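Listed features, source TrEMBL:
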{"type": "TRANSMEM", "residues": "6-26", "note": "transmembrane segment"}
{"type": "TRANSMEM", "residues": "38-61", "note": "transmembrane segment"}
{"type": "TRANSMEM", "residues": "73-94", "note": "transmembrane segment"}
{"type": "TRANSMEM", "residues": "114-139", "note": "transmembrane segment"}
{"type": "TRANSMEM", "residues": "151-178", "note": "transmembrane segment"}
{"type": "DOMAIN", "residues": "164-249", "note": "domain 'DUF6534'"}
{"type": "TRANSMEM", "residues": "198-220", "note": "transmembrane segment"}
{"type": "TRANSMEM", "residues": "226-245", "note": "transmembrane segment"}
Amino acid sequence: LGAYELGVLISYILLGVTTTQAYVYYSRFPNDSRKLKYLVAFMWSFEMAHAVCIGCTLYQMTVRDYSHPERLILIPRSLAVAVIFSGIVGAVLYRFSPIQVVFAARIYRVSHSLYIPCLSWALSFSRLLGSIAVCFYGLQLKTIPDFEARFAWLLNSLWSVASANDLIIAVTLVYWLYRQRPTADRRTVALVDKLIAWTMETGVVTSAAGLASLVCFATMKENYIWIAFFVLNTRLYSNSLLASLNSRARLRVMSEETDPNILGFKAGTGTPSGSWYDSARSAV
């Protein structure tokens, strides 16, 4: 139970970071497209709903069921619903995040193939379906041990797919960016290195969190550490998106000082139809 309390506490701290980044985004990029603004609002709303659900779960475990340890094995309905919000946020951000869009644009421009981007989108959709299934069966069953006995394979598949998707995106994008270095000048290399570091930060962290959930669930089902990692995963996705959006100003300056076609499309201008992000979206 202590692990879950710690996970909720850290999750709420990250929610504060998400809220701050959302405020910075709307203040710094007022000319972004409405679709992108709606995406950020949608993400923040679902993050709040997810936070309410995990908070209700914590209240049930620590207050309402106080002095009734036998009830800790019951599946809180709010926790099952939180899985849905987590799956929706993860799937939507995979489809529309800058990482995914830049990756798809670059691969398509270089190889004229959307095989890997489509594979990644298919995996994110599978993750969403898996989250819906976890919620459905979690509402049907009464105890966590019963769910673990019958649907451990579903949770294992869910985390495996999410981690694999993160690694596919990060590794492949780093590969294509690294191929730019031998023929680039010094300032262009600095931009490429920045993009590589940005990709690793957003991809490896979320993948590591998914793998941590998988390992803890496989080895320590009884102490709920795996649930603590679960409540953190959604925050990592949303913060990765907002950090990527808010870093565009710096990347735009660097791209203007280097080759404007380093990513396979023209550097942005700051307008809704001209930013590097929207240029990448239009290329997909």
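Each Cβ is built from the backbone N, Cα and C atoms, and glycine gets one as well.
TrEMBL: automatically predicted annotations, no manual curation.
Scored by C-beta pairs under 8 angstroms, the transmembrane segment (226-245) has its highest count with 6-26, from the stretches 6-26, 38-61, 151-178, 198-220.
Panel annotation: around the transmembrane segment (6-26), residues 37, 40, 44, 47-48, 51, 54-55, 57-58, 227-232, 235-236, 238-239, 242-243, 245-246 of the same chain, lying at least six beyond its termini, place a Cβ under 8 Å from a Cβ of the stretch. For the domain 'DUF6534' (164-249), the model gives a mean pLDDT of 79. Summarised by DSSP class, the composition of the domain 'DUF6534' (164-249) is 79 helix, 0 strand, 7 coil.
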